[in-house]
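What TrEMBL says about this protein:
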- 1-33: region 'Disordered' (REGION)
- 66-87: transmembrane segment (TRANSMEM)
- 137-156: transmembrane segment (TRANSMEM)
- 162-182: transmembrane segment (TRANSMEM)
- 194-226: transmembrane segment (TRANSMEM)
- 232-260: transmembrane segment (TRANSMEM)
- 267-288: transmembrane segment (TRANSMEM)
- 334-353: transmembrane segment (TRANSMEM)
- 365-388: transmembrane segment (TRANSMEM)
- 400-419: transmembrane segment (TRANSMEM)
- 431-452: transmembrane segment (TRANSMEM)
Amino acid sequence: MSLRTPAPGPRKAGAAPSTIPGGHDAGRPLPASVPSRADGLVRRMRELLGGPVGRHTVPGRMTGTFFTPMRVLILLTTLSAIVAVLLKSPCRLSGWGQPTVYYAGCYSDWSALYGGRGFAEDPFAPFAAGASFEYPVLMSVVASIAAVISQTLPFSDLNPSLAYWDVNFVFTAVLWIITVVVTAKSAGRRPWDALMVAVAPGIILAGSVNWDLWAVALLAVGMWLFGGRRPLLAGIFFGLGAAMKLYPLLILGALLILAVRSLKWAPFLWAALGTVAAWLAVNLPMMIGNVQAWSVFFTFSGERGPGLSSIWHAWDVTMGKIGGPTINAEQLSLLAYGAFFACCCAIFALGVLCRYRPRVAHLTFLIVAAFVLCNKVYSPQFVIWLIPLAALAAPRWRDFLIWQFLEVLHFWAIWMYLAKGASGSEVQHSLDDTFYVLAILGHMAATAYLMFRVVEQMLNPWEDPVRASLPGGRIWRTGNAGQGRVAAAARLESLGFDPSEARRLPVDDPLGGLYDDAPDRAPWLLKAHAPVR
């Protein structure tokens, strides 16, 4: 059975439609979705894990036990964080020197920038005159706060870089847990999809490379709040995320598509207002007080050439071997921004023209994935941006594990490629350029495959496991607002479940918020859809 349990993010209290039949005790409560029933790969492996869930259990509704799904997810995330620390032990014990930092796969911008950008001498180096810290304002604030804390620790004088790394990793571990919890709450009746975030190899390996998990957590919280029908507050978190890394801004494109389809502009405009207000609140003081330091990030991004592991860098490496033309910085800006603009146009057209309303997670994943593939650089930690979005947009373990396998190969390929040029490196321990390029193409192909799977779900929503788990999972229409909820309640009652569950749950999009159950009003979408059976 595809109907499962618990509720998504916070929702404002409000009266349920009076047309919903049944009372609170009219039927059984909806159980939670469990992977051993809902996911094909896990279902085939369940005998190795102890067999399927019992027929008479009620997943997600536990009494008398400490190990609730949320606590298990937090525990597994904590264990993953411990594994991540242990994997970085070569650098924590011996320092972040070359070539060990590459051979051990423990490179971290935290340690490199602590001395390289002046944090050792001045914790607030990013805000000083002549600063060269090439990151957005809020990330500069976080980096400075971490420097202040690390320098007050009693052991910091023994190894300042290690103290700085440790402080940043503690922050990252907390943010990782927050992201997992929020993803579970955002997954509708599929809280176990957050397990993908809790044990993701991409986060275990790359979570300590940079401060990206701050932006990931802020975007995740914002999406959860938007699903809880709080678009202004959600926008504030989007804006804070954009002040850490620009990519959280891209969710506004997803919301714009839903606004165009429904001609319901208020949720999008409130979210956009919150985003702009929060971003300006963080950036304006530095723009006014030290515009040179504020502009370093934008100048650096605009003038940089092909960065590591981008498709553009793969081209340059290949051309370097055969003597072909390479891409300069000016050409790169035109190519990268042009390619991303073309992808956005294609996603916009797909989103506003496809027969059934896409989910917020679908559109956000596609836009962010397109940005990652077209960007001037693909740093190893960029995979972290996509992991929570993939868990919400395309939660199938087979696809996820294939993607993560290729991302892990790429993670090691980039370090072995860099090791080749490091002092003290040995040829037999380095990676040939051909394999490095193949690793880039492999991770790009895996990401593109996930995008294909998301598009497939948009065009065939009956194949969407998230929608199938919700009360209105097989009800799509362009009728009057609220009719989907009424139909969902009737469906629940016909299956012997409590129809009042439809009052507090999303109809077919856990993150849709005010767009969940919103009818399509755009003229080209007004033609009635045939019911899906």
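Note that Cβ sites are derived from N, Cα and C of the backbone, with glycine treated the same way.
The transmembrane segment (334-353) makes no contact with the transmembrane segment (267-288), as judged by fewer than three Cβ pairs under 8 Å among residues 6 or more apart in sequence. A Cβ distance under 8 Å defines the sequence-distant neighbours of the transmembrane segment (431-452), meaning residues of its chain 6+ beyond its ends; these are 309-311, 313-314, 317-318, 320-321, 365-366, 369-370, 372-373, 378, 383, 386, 390, 394, 399, 402-403, 406-407, 409-410, 413-414, 416-417, 419-420. Listed stretches 137-156, 162-182, 232-260, 267-288, 400-419 were compared with the transmembrane segment (66-87); the greatest number of C-beta pairs under 8 angstroms is found for 162-182. Away from its own ends, the transmembrane segment (162-182) comes close to residues 9, 70, 73-74, 77-78, 80-81, 84-85, 92, 108, 110-111, 114, 119, 142, 146-147, 149-151, 153, 155-156, 194, 197-198, 203, 207-208, 211, 213-214, 216-217, 220-221, 223-224, 388 of its chain (Cβ-Cβ under 8 Å, at least six residues beyond either end). The stretch in closest packing with the transmembrane segment (365-388), judged by the count of Cβ pairs under 8 Å and taken from 137-156, 194-226, 232-260, 400-419, is 194-226. Counting Cβ pairs under 8 Å to the transmembrane segment (232-260), the stretch among 137-156, 194-226, 267-288, 400-419 with the most such contacts is 267-288. With Cβ pairs under 8 Å as the measure, the transmembrane segment (400-419) is packed most heavily against 194-226, out of 137-156, 194-226, 267-288.
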